[in-house]
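Residues or ranges marked as transmembrane segment by TrEMBL: 133-149, 161-184, 190-209, 242-264, 270-291, 363-382, 403-420, 426-449, 456-484. As annotated by TrEMBL, domain 'STAS' applies to 512-634.
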Amino acid sequence: MANIGSSSRRHGDTLPHIHKVGAPPKQTLFQEIKHSVVETFFPDKPLEQFKGQTGSRKFHLGLQSLFPIFEWGRDYNLKKFRGDFISGLTIASLCIPQDIAYAKLANLDPQYALYTSFVCPLVYAFMGSSRDIAIGPVAVVSLLLGTLLTDEISDFKSHEYLRLAFTATFFAGVTQMALGVLRLGFLIDFLSHAAIVGFMAGAAITIALQQLKGFLGIKTFTKKTDIVSVLHSVFDAAHHGWNWETIVIGVSFLAFLLITKYIAKKNKKLFWVAAISPMISVIVSTFFVYITRADKKGVAIVKHVKKGVNPSSASEIFFSGKYLGPGIRVGVVAGMVALTEAVAIGRTFAAMKDYSLDGNKEMMAMGAMNIIGSLTSCYVATGSFSRSAVNYMAGCKTAVSNIVMSIVVLLTLLLITPLFKYTPNAVLASIIIAAVLGLVNIEAVILLWKIDKFDFLACMGAFFGVIFISVEIGLLIAVAISFAKILLQVTRPRTAVLGRLPETTVYRNIQQYPKATQINGMLIIRVDSAIYFSNSNYIKERILRWLADEEAQRRSGSSRIEYLTVEMSPVTDIDTSGIHAFEELYKTLQKRKIQLILANPGPIVMEKLHASKLADLIGEDKIFLTVADAVSTFGPKGEAVV
């Protein structure tokens, strides 16, 4: 890298006007704590709307805040209802067969999934802030719940298993509600997008493999979820356990479902074809099995779906005893995963329709619906991406589409559940396989590889953890890698050597801009992170390594480095360890007869520099507003003047 200029600054030269770095007004400890708390927990200023309002108006606003339906319901009209009614009917036709199938993933009887799609959407419609999300059981959460519950109680036919499912649902709701009330929603952001992509893809493969039992008509099947155990179980049954009638039914309807999905993908106006295809599959296959009595030839069927509305389950929840701990543990994990999925879906569709989604309201709505659901024989519900996409494309306007769907599910429970008796398990397996294939986002994985290799590693870690070990281990790997990335970025922040762009006073990274030229006698380094105890020593050592490297490169030149300028624009904060590291850096440089200069420290950094007396140690005349000011003062003559 070329160095420019050779003469030193002479006292008689005219300097451009240099602005002094401003020190922020002194804040009390209470003001600092208040600001931190507000920015962390109340960045959206939720109480702002209540200021200056009468008591009755405050009550009205509070009611709208807790139940958004009272806000958007005032402008509701017949035109909006028409869109909601059509979309509600459409997602109901999709959710009923999916519910019966998803209940098997949770090792529960089919009616419990239908109960969930009746009660939870009703609660969400009153409390949720998303217009597009469709609520109900979903494949990933059903599988996660079933896996975690069977780890505690292996006999999933027992009444204790059902009680533990209700207990886990209750505490999933409590977890979600607590996050909303305490405004801790930022915690779910610790699960990175890359980890979610990998976890969802792994869960999709695991769910699809689990369906081979029903798809192939296998009677004896492993309870483990890892790919090795599942495939071993499948091929062990190959010679005597596969049922060809079941395979014909499964393959035929899977092909039908995939073809309808392909048609809907190619022509968005035909989305309803894919939406109603699961219901058509259930009706046709049920009729076929009934008239041929294929169940007598080894085709496994649903057999019984209990008729009637949800019974109360408040007395079934474990509030004491040996299953209380497992119930809380499973509930917290299932609640967090369900919440992550719901918020991601809600944000996606809110961005598409250009409206804001209140994350804390979403958490409270999800928590309330799962708490109420646990008291009414439901298990963990969340937003379904496939049903939400259909809801969006069907033209839903508000959450009333969830109410319409809920009413249709209620009518199903009251009137037609006995008709599902002859529904073959192979069709339910086909419905699940067709649904979860959309969770494998290959394009997103390729994009991760192109953009960030560490993100790709996180994705693959979660993916292989799920398919080769278990769902919970995959989730743990996803969280661990997400935290590892945060720690790596915090403890090993980037630094860069800056040079001046030709014919400007702009200083940029010399690796990004090869034509940028360094200043003779000066080394300018930018630190791209806040400076904390976790990275302060690394930053000090890295700066000294940059200095040693540059001195070695410039040794052949006519002048040595006399000034080291640290560009601090990206440094948003510095703690006592950071201050101590800069004191050590200053002393080390003094021994080498190199002067430390700081450029553009922010208000918080300046406040701490003054409070620690580090500003006095370095010298107020060595702290500049810009790198250009520092160069014009201490660099070779005319360097910063263009």
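Every residue gets a Cβ built from N, Cα and C, even glycine.
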Integer average pLDDT (0 to 100) for the domain 'STAS' (512-634): 91
For the domain 'STAS' (512-634), residues assigned helix / strand / coil by DSSP: 60 helix, 23 strand, 40 coil
Stretch contact, the transmembrane segment (363-382) with the transmembrane segment (133-149), Cβ-Cβ under 8 Å, 3+ pairs: yes
Distant-in-sequence neighbours of the transmembrane segment (190-209), which means Cβ under 8 A and at least six residues beyond its ends: 105, 139-140, 143-144, 225-227, 230-231, 340, 344, 432-433, 436-441, 444-445, 448, 452, 455-456, 458-467, 471, 474-475, 478-479, 481-483, 485-486
Contact call for the transmembrane segment (456-484) against the transmembrane segment (270-291), three or more Cβ pairs under 8 Å: no
Chain residues in Cβ proximity to the transmembrane segment (133-149) (below 8 Å; excluding those fewer than six residues from its ends, i.e. six or more beyond): 91, 95, 98-99, 102-103, 105-108, 113, 116-117, 120-121, 124, 156, 161, 164-165, 168, 200, 203-204, 206-207, 210, 225, 329-330, 333-334, 337-338, 341-342, 345-346, 349, 369, 379-385, 387-388, 390-391, 401-402, 405, 432, 435-436, 439, 470-472, 475
Distant-in-sequence neighbours of the transmembrane segment (161-184), which means Cβ under 8 A and at least six residues beyond its ends: 41-42, 106-108, 112, 145, 148-150, 152-153, 155, 313, 316-318, 323-324, 326-328, 330-332, 334-336, 338-339, 360-375, 377-380
Outside the transmembrane segment (242-264), six or more residues from its ends: residues with CB under 8 Å to it: 214-218, 270-275, 277-278, 281, 284-285, 288-289, 294, 297-300, 424-427, 429-431, 433-434, 437-438
Residues of the parent chain within Cβ reach of the transmembrane segment (426-449), under 8 Å, 6 or more residues beyond its termini: 97-98, 100-102, 104-105, 139-140, 194, 197-198, 200-201, 203-205, 207-208, 211-215, 217, 246-247, 249-250, 253-254, 257-258, 261, 278, 281-282, 285-286, 299-300, 302, 385-386, 455-456, 459
